[in-house]
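Peer 1: Take a look at this one; I'll ask things after.
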Amino acid sequence: METSKNPSDLPKKPANVKKNRRRFQKSQKKSISPSSGSELPNFKTTISQNNEEVKTSLKEDSSKFHPSASAPIFVPTSSVQLNVSKNNGHKASDIVDAVSSKDEELRKHAKGEGKRSKNRKRSSKHSEKQAVDLKSSNSSQETSSSKGSVNNKSERSREAKSRMPKNSKEIKKGLDLSKLDMTSRMIVELKNRLYECSVCTDTINPSTSIWSCGTCYHVFHLSCIRKWCKNSIEQRNEDAWRCPYCQSNQTETSLHYLCWCGKQEKPEFVKNLVPHSCGDPCGKTRGQDCEHPCPLLCHPGPCPPCTATVEKFCLCGKESIHARCSNISKVNTEPFRCENVCDELLPCGEHTCKKRCHSGLCGACFEPINAKCYCGLHSKTYPCSSLPSPSISKKDENGSVKEWFGYYSCNNPCTLFFDCGLHKCSKTCHPISETRAHCPFATDVLTKCPCGKEDISFLLKGHERKSCSDPIPTCENICGKLLSCGHRCKYKCHLGSCGTCSETLTIPCRCTANEVQVTCEQLQNGFIPTCERLCTILLSCGRHQCNKKCCSGYSKAQTRLARRPKGAKLRYHLLTEEFEEEHICFRPCNKKLSCGNHFCQHMCHRGPCPRCLEASFEELPCTCGRTRLYPPVACGTPIPDCPYLCVLPKSCHHPQVKHNCHPTSEPCPPCPYFVKKRCLCGKHILENQPCYRENVRCGELCNKLLSCKTHFCEKLCHPDGECESSCKKECGKRRMYCEHVCQSPCHAGHPCDERIPCKAPLEVSCECGRIRKKVTCDASYDNPDPQHKVSCTLECSQQQRNKLFAEALNIKTDRRSNDVAQYTKSLLVFYGKHSDFADEVESLLRNFVNNKASSFRFPSMRREQRAFVHMFAKLLGLESVSFDPEPKRNVMVYNKGEAKLPNMLLKEANLYHLQHPEIPLKPDSLLGPEEENATASHIDGSSNASDSGYNAFVLKELLKEVNDESAIFSVLDDIVDFNHLTWSILFGENYIILKPLNTDLIVNKTGKLVALRPLVNRRLADAGIASRCEICEINDKNEIVKTRSQRIHSKKKAFLSLVPDKSIGVINRYKELATEL
C-alpha cells in the first residue's frame, strides 16, 4: 500500500459520502479531521483517514459485498496495509478496515444507550424525595423513555442479526471479489472462512495451521500438504515434489506452520489481525534489483511494488535519473543510456572509444593504421588491434641511413647484395639491418661439401677456395639430409634442394582389408591407395548395399555390427542404431504412401513410411452428396460413411434394393427380381432367372456341326462362335477290313489310313470257352484278317470230360452261385455305379485282413461312400465306426480276429450276377440296421422311437409370397435324393408343406427326411423363399399333427437357426459328434 505525503494526495470524497459523514459526526458529537502536515504521516494514521472517508459510503455500496443492501459485512478490525486495485476511487484494504470500524462504532453506540437509561432511572429516584407530585409524572416519563430505549435497542439488534449472513455461501454470493487484487481477495476469503484447501476442498479457518506456496501463494492445510508431499516423494522416487495448485517443483520436505513473512513459527490467532499474521512488518525484498524491504505488515500473497525513489546512472556513468524502484526493476532489459560519447582510453593506449554510452568493456581498437613492409617498398592498412609487432628496418642510401618500422613481409624476393657484392639475398622480404649480411658462400663460412660429410680442403686435395665465387666441390657419399616427410635423401651429395622423396611404402588401403605399395611422393601429393574389393555392407535403409570399391567405412561397419545385440533386443536396437557417414543411404525412398496417391520424399529409411501430409481444401462428399467431410481433408481419406439409402440407378430399371450409400467403386447388391432370359445358345427362354445373372445356360448340348462337317459340338450351352475350333474327336468311320471305328483324330477330307493296325480291343477264347483273353484287332492293309487263336489246355479237356460225366449223373457243378449269394443287392448296385471306388475299398480291406492289422482309417468321404464301407466291412466280419463332423467325417475299421474274405471278388460277383440274375442274393437286413439304413440314416447317428411318423417338410418364416410350385422345384431340382421322390406341395397362410408321395419304397422315411432337411433348408434360405424348414407329420386331411424339434447332442440345449451365409457343415456341429455314416 502506497502512503501519501500530503493529505491532498488522498482520494477525493464523493458528495454523498461528505453528507453522510456530517450526519454521523453530529449524532456522535465527534469531529474527525484528517491529519495535516508536509511530513510523511504514520501508516496507521493514513489507514484511519481512508477508513473515515469510506465509512459512510458503505451503506450505499454494501450491495457489492453482501446480498442485503441494508447492512454491510461485519468483519473484525485488522491492520491491512496493502497496495490493491482501486474500487470506485477507494482501496480494498480501506474498505475492509472501514467495515470493521463501522462495527466497533455500532457496538459503542449500543453501550452508550444503556448508560443513558441507567442515569435516567437514578434521576427519577432523586426527584421522588423532593416532590411527591412530580414523582409519578417523572417516574412515568422515565419509565416510558427507558422502555422506548430498550425496545429500540432490541429492534436494532434484531435488524443487525437479520442483516448478518447465515452461512459462508451467502457471504460468497454477496461479495464481488473480481475487482480486488490477489492479496486483498485472500484476506477477505480467509477472514470470512471462504478460502478452500485444494487438497481436501475444505475451508481454512483462521486458527488452523497452514502452509503457503512461495510460487503461486496458494494456501493449504499443513496436514494436507504434508501428506501430499510424503505421497509424492514415495511415488516418484525423487527428492522434489510438486505444488498441487501450480505444479512447481518444491525441494523443502520439512514443512512448518509459519506466518506470512516467515519470521514467526506457529503465530497466535489475534482477532484484529490478518489470519496467520505475526503483526510485524513484512520486510521481504522484492526482486533482485530492489534492496528495500516491504513496509507492509505481515500479509498473504505477493508484496506490492516498491515505491522508493532511487537514482540510476547511465551505462557510462556520466548522467543519472530519479525514478521509482519498481519501475526501474521492470525495465532492466532496457538500460538507461545517455547521448554522450564514451571517450574511454582503449587498450592500445593511444585512441579513445567513439561509441555512444554503452555497457561493459569498450572492446578492441579498430582505428585504421597504415603499415609498411620490412623492405619498405609496400604498405597496407591494419586495424589497430590486429597490428602485428613492428621490427626496425634500416637502409643506407647515398651515405644517409633511412630507418622505419616494418610490420609484415610482402613476400617479394630481397634485392640486396651480401657484403661480397657478388651474390644477392635469396630470402623474401625481411627486416633490414644497417650493415650488409655476410655472404653464405664465403670461404670462411663454407668449409664442407653440401652434404656436410667431407671437408672442402680434402676434396680439393689440399687446395682451398680463394673467393666465394669459386665452385663448391661434392663428395661421393649419399646426401642423407632429413626431408620434410621424415625420410633421408638417397641421392649423392649435390648442390641445391634435395627434391622429392622416392621412398616406397607398404600401407593398408582405404578399407584396411589389403596392403598397397606406394611412393612417399604420391602420399605427399594426396594419393589415397585403394583396392578392388566391393563393400557389401547394408546401408542405413536396410535395403541397399554400399557396393563401393575399397569403402573407407568398412572397418567401422564391422565394429558396429559386432556390437549389435542378438535376439529380441535387435529389433529395438535397429531403430536407434547410429551408422557411419559412409553408409548412410541418400537415395530417395519413393515408396507409395498409404494414401495411394503420393510417394515418400524422405531419404531411404527403415520401417514404414510416414503418413501422407498432403491435404485437400475441398469438401469430400459421399456418393449421394448428403454426407460430407469439410476441409482440410487428409490425402487418402475414404469418402464418409453415409447413413442414407443408396440412390444410384440400376441398369435393369428394377427398384433398388434397400442398402446404405456406398462408393461408386463398390457394386450395388445384385438385383433379386426373377425375369425371363434367353439362354446363351438361344434355344430356350428360361423363366425365374435372377436379374443379376448375365449368362444363363439351359444345360443342353450345342450339337452344332463343326468345321469338319462330320462331328457335332459337344459343349454345353454356350454363346455363338465358341464352338470347338478344331475337331479333336475320334474319326468314328468304319474301317475297311475289320468294321471297327477309326480311333485316329478327326481327319475330315482325308481317307482313313488303313496301314495303321486297328487298336480296337477284342476278347477271344479257346474252343471250350474256359480260357478268355483280351487282344487288339490289329487289322490293317498289310494284315486284313489277323488270326487270334487261343489253344485249349489239359485242364480244358478235363473240365469238359467232368462236365459230361456230371450231366450224365445229373450233378450240379457250378459253385460260383454260392459265392455270389454272399453279397447283398445294395453292394452290387453300388458297384455297378462306382466300380473304381469299390475296387479300391475292396483292395484296401483285403490287404488289411491279410496283414492282420488291428485298425485302419479311411480318408474323409461322402455319405453314400461311407455306407458302402460299413456294409462291405460287415460282410468281411469287421467292425466299423464313423468319426468327426462333416465335411471331414471318416470311417475307422477294426479287426477283432473274426474276419473272413469271400471266395469271389466283388467285380466277378457283379459280372456273374448280371449273367445270372436268377441267383438269390443276401438280404440287406442281415447286415444290421446301420448298413440297411446307411443312405438314409438319422443325422444324429441314432434312431429314436419318437421319430416315427414324420412324413413331410413344413416351410416356416416365409421370406416372400410363393404361389407357384416351379419356384420351389427349380431351387431343389439338383438334389439327387430329392428328385428320386415325387412331391406334393400344399400352400397354407403362413407355411408351405412339401409331402413325398411314393414313400412306400423307403425303408426309413424319417431318416430320409432328416438327411434331406439341412440341404433343403439351405437352398430355400439362399433363394429367399423361407428361412426355416422343419420335419412334420401330417394326417390324411393334410393337417399338421406334430413338428420334429431339432436335437443337439450337448449338455445344454441350443436352438440354432440356419444362417444363409454359412455352409451346411456349420449349421449344427454338435450333431456330427454322434456315430454316423
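Including glycine, each Cβ sits where the backbone N, Cα and C put it.
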Peer 1: Quick check on the record annotations: which of SER33, SER389 is tagged phosphoserine by Swiss-Prot?
Peer 2: SER33
Peer 1: For the zinc finger (708-729), give me same-chain residues lying six or more residues beyond its boundaries with a C-beta closer than 8 angstroms to one of its C-beta atoms, as numbers and ranges.
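Peer 2: Result: 679-683, 697-702, 745-746, 748-749.
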Peer 1: What residues elsewhere in the chain lie close to the zinc finger (738-760), defined as a C-beta under 8 angstroms and at least 6 residues from its ends?
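Peer 2: Tertiary neighbours of the zinc finger (738-760) are 707-711, 727-732, 776-783.
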Peer 1: For a three-state summary based on DSSP, what are the helix, strand and coil counts in the zinc finger (420-441)?
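Peer 2: Final tally across the stretch: 0 helix, 2 strand, 20 coil.
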